[in-house]
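To keep things clear, I will list the structure first and then write my remarks on it.
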Amino acid sequence: MGFKDKILFWKDEVQYRTLAVADQVANRFLHSFENVYQGDESVEDADSRPVGLTNETLSHSSDFFVLPEERISTRVKIRRQNILNTTLILGMLIALVIWTAILSTNSYFSSSLASASPLFNKEGRVVRPMRESNLGLHADPQTRKSSKTLYDLLSDFDNAFYDDENMILGSLAFGENTYSRQPYVANGYIGSRIPNIGFGYALDTLNLYADAPGALNNGWPLRNRRFAGSFVSDFYSLQAKLNSTNFPELDEKGYTTVISSIPEWTDLQFTVDLNGTKWFNPQSVLIDDVINYNQNLSMKDGIVSTNMDWLNGMINIKSEVWAHRKIHSLGITRLEISLNLDALPDEFTELPVTVYDIIDLNTSHRTTLYEKGQDEDNKAIYMIVNPDNVPYSNAVVYSTCTIKGTENNFSPYNFTSDDRIARNYMTNLTEENPKVVIYKYTSVVSSEYNNDEPNPNVNLKFASNIANTAKGNYKSLLSNHKRAWYDLYNDAFIEIPSDSLLEMTARSSLFHLLANTRQYNVSTTRGLPVGVGGLSSDSYGGMVFWDADVWMAPALLPFFPNIAMNMNNYRNATHQQAIENAKQYNYPGAVYPWTSGRYANCTSTGPCIDYEYHINVDIALASFSIYMNGAEGADEDYLRFTTWPMVKDAAVFFKAYVKYNETLGEYETYNLTDPDEFANHVNNGAFTNAGIKTLLKWATDIGTHLGEEVDPKWMEIADNIHIPRSDSNITLEYSGMNSSVEIKQADVTLMVYPLGYINDESILNNAIKDLYYYSERQSASGPAMTYPVFVAAAASLLNHGSSSQSYLYKSVLPYLRSPFAQFSEQSDDNFLTNGLTQPAFPFLTANGGFLQSILFGLTGLRYSYEVTPRTKKISRLLKFDPVKLPLLPGGIAIRNFKYMGQVLDIIIDDNNGTIAHKGGDKPIRIKVPNRDILHDRNITSALYSKRDDDLSATDDYYGTYFTLYPNEELVIPLYDTKLNIDGNIAESKQITNLTAGVPGDVGFSALDGNNYTHWQPFDKSDNAKLLIDLGFNSTHVIKKGIILWGQRPAKNISLSVLPHSERIEQLFANITDLLETSSITKGGLPLNQMLGQTQSNVTAEIDDDILALLNWKGDDLDQLIPYLPDMHLLQEKFIPILKDYPIKPNQRYYEEIIDDDIIKLLPSNTTEFTIDYNSIPGGEKRARYVVLTVHGTYDDDDDLKGATIREIVLQE
């Protein structure tokens, strides 16, 4: 068969492989001649295809040396225009043999792929023309419907709701003001947290978890009372002392900069004259006076809407608040006050209403009044404030109002105090004129926004122009605002069709990050500082931590690279101060402080020395990753003038900082703190030392690429820096770590991700053991950025199970707060039980981490580069290593992923991973790693000897290269992860806990094929139940099983099954259809009619487990329950097939582990059981639904928590 013929792999594998080999040879020769005559141009700079290749030529050069056959797309067709005869094929095969011999004997050519010349890269394309029909995802609606029960596991979801279709989050309960129940509006420049009534300023008056002194306070370092207030970006004050700080002695060396809040820009209030004057503001409205309440946040457009009836339902109040997405300094409030005519008393005649437009200094924090006044010409008010101790910075708040249908009749109003300014409007509501609508247009302009303009009068004029131009144009402004949000989402979208909660979390995370950042109107001399709490909170003083560099910016980079660049430009703008910091401590180079604000000086909250040195690696990583992404502007000039100075000066500093230990023959670090802040001032922090090693390699590669001077000492240190390890080859978090350690947050695991995603040194020799070991030692109340790291690490390291997805659920369920899908920093918000930690809120770090767990974790995408040995030039590429996602049937889709200035769709369905090149005019290079080199089994300590090298960028780590051209798609079969235990029919199936688990635990961990994750009952005195669904049309006869307990086995277990019935399958199929297509409350068909049932109207008691199953599969089955008792199907019961089976531990207590501080993985207690069906009544043995009941713990100790269920194994 000749090249002209279309050859399908599945029809003739031998011919396919022969032609693929010949095709590679031909293309390698073509590339060889091109490189000889045209020079070494990387694909990213090439404007045309290689000579001899056309759009009709599908050049397949999969790496036949190392790529597993199952990774080759069975749908790829090879088309050739040229008719080549058999002689040419044989000639090429002979040439291939000779060529291979040359490569294998020449050490220059056989170097690792991470540094191989493009001339000899296994480069080519396994692609096809892009097919839009293949870019959609499909998922079982029953699975998605079942996923909605996960919302019930979120904190405070009782009176919350989510409108999936319209992306609206909401609350139906009016209560006291508390931070976690409040939405906010923001546009990347201004923001305001919205109190219960929908506008205005409010101090918190309720803590949901504790009533104790300090319960209403925010956390370190301000420890002030939480409040719903307004903020403007980069408006930092200077504070000589703070309420709480780690290193107060450093206050003598320089003040700390923390964010100032500004006078509340949504502040409207009104009074009604009804048996006396009654005020409508957040301080005065009583809970008992409000009915029919709802407050909504639309993630589609960032508008907060509030609606309620007040004073016995007599008055309806509606409000809308939004920060204009394009006109960054403009905030708008719409207030509608109307009579409910049906609720008016018989004697009603009129209701006097007075509306106040107010700007109040008392609603700001850490500010000084500069000026306030009335602008009579424009019937407006304004106030100018300075942040504390910064007289050369100011912010103007300028407000003007209009009344719908009338002239602006607001008049000046004089308060008795000098720190407020107001105008008011009086009207009477009657049955003939029952409504008044007020529009408040507020402009906020700060010096930092207006080109660092220090003159307040200039900023006042700017603010006046914005507000008065906007006045009277509400509809057009609203349309423009919504369009701006629509355009943002048109650039970025994530789909998870099988799981409503995860998809909502992805979309809300994207919303929260976008709401607190902006693409333009950012000072090039300042950049964009983004605090942990964004623009609606002063958590952590609004200061900038590594959270911005490692967690937030990388999540935005694939969608909005210009925002990531703006954030990194803040570090560039403060780089000179980092140089001064190093000089202050007699070091060369530059060193950044742990916290930054208006300045980047060393402070009591943010030391530069003897603390978290990894911040310097984090900042360099963020900048280098922008270059790796290759967006517009992230070019060679960006690398030379932005990234290189940061990387170089960090390398110079670290060269001076490390100390050589002659006994070890390695370089060490001293008196530092790693990301795990439970362990302060330790030596040889693993993440810090690995970061130094990696950064020094970056410095060498970048400097050589740019032709800059490179210090050879950098690589000497990189090759010989000490990474502490135990005798069992587990990476120690720091030298001297003991076996009783509790880890605050992800630390050692960060060495895999994100530290490894820039280059090919992403697989640590002992990373798998590290992942297992440290997953058991995370603090139950640790911060919310921990488990997204485990998602990425598990996806890239483990070839068994589905724990990357169970970790994904652990990233959400303990931390996400209803009703407005905001992350808390902690899994436990009760400061009396979590170690006196008041959580940051909202915690944008978690939003960034969660997005990264999807963008880079589940997809296996990594930015990477290679260095050509001959030219020493860097060539950028994208690594793609997707695996099957059994817990997410239907897969995930990432729309409009930006890379090298091109636009991609990333699709992971049930069988294939697809990268579709749908925008741009340049090809991109993609590398698919070979997962067969991973070994995540047989990792007992005896198998590995202690090694000196820590990062395995060995010559054995190969992959396959593809070139993807515009309007083409790369399709590769997903890596099919293996079963953890052979024959386990329950692994990676759907599961739900019917009883409470320990906060932070998820039921998926018991079926994820990872023996080092677990689910644990909250109370060991109760019968804990887990309900397992073995899958649609998947029934089994369970004959035996195994339970892995870890170190805390149960006292006994029971196992029950629901005998299989085709009618039961039909029941759930029709319930799903009914819930998706009709509504019982709207007169839809009764369920028994849908099923064709004609049972007598006899009510029977429903088995509790049946009811739990129905609620799991139906979500809102409470609507259907009145119809269900008539059906005999619901009289079915779960049948016990194993009852009160006693548990006996089979592993001893390893006392020496504690006594001798031995760091190693311990074997798990296991229980094996068999099922004797001879003693079980009933004929049907097959089942789809299984309930595992776990009671007590084997040890009678004081710990109230139940047994740890690491893995459930069911076998036929």
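Residue positions begin at 1 at the first shown residue.
Cβ coordinates come from backbone N, Cα and C, glycine included.
Note that the structure is a prediction, hence the values are computed from the model and not measured.
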Problem set entry | N-linked glycosylation site per Swiss-Prot (candidates: ASN85, ASN1011) | ASN1011
Problem set entry | In Swiss-Prot, the member of ASN55, ASN362 to which N-linked glycosylation site is assigned | ASN362
Exercise. Hey, what's the widest CA-to-CA gap across TRP546, ASP547, LYS744, GLN745, the substrate contacts in the record, in Å?
Worked result: 16
Seminar exercise, completed: ASN601 (N-linked glycosylation site) falls, by DSSP collapsed to helix, strand or coil, into coil
For this session: Express the distance between the Cα positions of GLU677 (active site, proton donor) and LYS744 (substrate binding site) as a whole number of Å.
Result: 6
Exercise. What are the other residues, in sequence order, whose C-beta lies within 8 angstroms of the center of the C-beta atoms of TRP546, ASP547, LYS744, GLN745 at the substrate site?
Worked result: PHE545, PRO675, GLU677, ALA746, PRO783, MET785, THR845
For this session: Report, in whole Å, the straight Cα-to-Cα distance of ASP547 (substrate binding site) from ASN275 (N-linked glycosylation site).
Result: 53
For this session: Could you pull the average pLDDT for the topological domain 'Periplasmic' (104-1212)?
Result: 89
Seminar exercise, completed: Counting other C-beta atoms within 10 angstroms, the emptiest spot among the glycosylation sites ASN243, ASN275, ASN296, ASN521 is ASN275
Problem set entry | Residue pair ASN738 (N-linked glycosylation site), ASP547 (substrate binding site) - Cα distance, angstrom, rounded | 28
Exercise. If you draw a 10 Å sphere on the Cβ of ASN1165 (N-linked glycosylation site), how many other Cβ atoms land inside?
Worked result: 23
For this session: Taking the Cβ of ASN414 (N-linked glycosylation site) as the centre, count every other Cβ atom within 10 Å, in any protein chain shown.
Result: 9
For this session: Out of the glycosylation sites ASN414, ASN521, ASN601, ASN1011, give me the one sitting nearest to GLN745 (substrate binding site) by CA distance.
Result: ASN1011
